[in-house]
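Noted in Swiss-Prot for the protein shown:
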- Gly58: Mg(2+) 1 binding site (BINDING)
- Arg75, Gly107, Glu131, Thr158, Asn183: S-adenosyl-L-homocysteine binding site (BINDING)
- Arg75, Asn183, Pro184, Tyr187, Gly203, Arg281: norbaeocystin binding site (BINDING)
- Arg75, Asn183, Pro184, Tyr187, Gly203, Arg281: baeocystin binding site (BINDING)
- Asn272: Mg(2+) 2 binding site (BINDING)
- 183-186: motif 'NPPF' (MOTIF)
Amino acid sequence: MHIRNPYRDGVDYQALAEAFPALKPHVTVNSDNTTSIDFAVPEAQRLYTAALLHRDFGLTITLPEDRLCPTVPNRLNYVLWVEDILKVTSDALGLPDNRQVKGIDIGTGASAIYPMLACSRFKTWSMVATEVDQKCIDTARLNVIANNLQERLAIIATSVDGPILVPLLQANSDFEYDFTMCNPPFYDGASDMQTSDAAKGFGFGVNAPHTGTVLEMATEGGESAFVAQMVRESLNLQTRCRWFTSNLGKLKSLYEIVGLLREHQISNYAINEYVQGATRRYAIAWSFIDVRLPDHLSRPSNPDLSSLF
């Protein structure tokens, strides 16, 4: 986990339940006095996420039973990496630390987890979040209001068949946005969701059920095709955003996206690797500006990734 992630050493479930009593029925004290939560129970997932967001970020979040429930620790990893990227970029460009930062979250979901975390941590950040699912849009907007973020976080509806980087298409000037974030649909269609276990083992654990819909979790061609479209759209929007970023769940997808960046002669890109237990996930960032990130932000130490640079 990221060095600034407060969950690096795990979570004390009992202490968390004391701070968020609704979680108490799902916390078990084991014979060795350790505590555990059965994340195979969807309600336990939702309450655990709500508890962390409430205790550690002061956020009150509604999480529908039939939509994806995000895990806070690995979502925070991504936010912290983006923060690091922006810090290096601001220093290189001579921009003030207290400047207004504006970002985009693609496919924000019902929780709007990324912009919620970002806006709660950084008071000078504002975000536009896109979503195609109407129930997710409605719930995310309620979450924005519940946390008094209307002035800093806008949820906009987009289309499955339309462009992905809609806010950039509507931008009025160069570098109007500092970054994009995205947790793309992982699966290649509903059948892939039924047969693949590749997305398990990260977040709530291998036995935890997925509560998301096909619209949230699947797209034709899977995550690689989705992010590839982002890359192609960025070619015409390059000066409107400093850094384009996205999560990736599969190593194969990472290789495909790096290959596409190279094909378009985009040499300014960075990779991040998240490790949780035996499972690895990745993030990719690319840019058309002259600022190059240091190796500790852009080149994971994993030797299996060395051919990507």
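One is the number of the first residue shown, and numbering goes on along the chain from there.
Just so you know, glycine gets a Cβ as well, placed from its N, Cα and C.
Residue counts for the motif 'NPPF' (183-186) under DSSP, helix first, then strand, then coil, are 0 helix, 0 strand, 4 coil. Here Pro184 (norbaeocystin binding site) is compared against the binding-site residues Gly58, Arg75, Asn272, and the shortest C-alpha distance is to Arg75.
Within 10 Å of Arg281 (norbaeocystin binding site), counting C-alpha to C-alpha distances, fall none of the binding-site residues Gly58, Arg75, Gly107, Glu131, Thr158, Asn183. DSSP classifies Asn272 (Mg(2+) 2 binding site) as strand under the three-state reduction. Secondary structure from DSSP puts Arg281 (norbaeocystin binding site) in a beta strand. In the three-state DSSP scheme, Arg75 (S-adenosyl-L-homocysteine binding site) falls into the helix class.
Under DSSP, Glu131 (S-adenosyl-L-homocysteine binding site) is assigned to a strand (E or B) in the three-state scheme.
Across the motif 'NPPF' (183-186), the model assigns an average pLDDT of 86.
Neighbour counts of Cβ atoms within 10 Å were compared across the binding-site residues Thr158, Asn183, Asn272; the minimum falls on Thr158.
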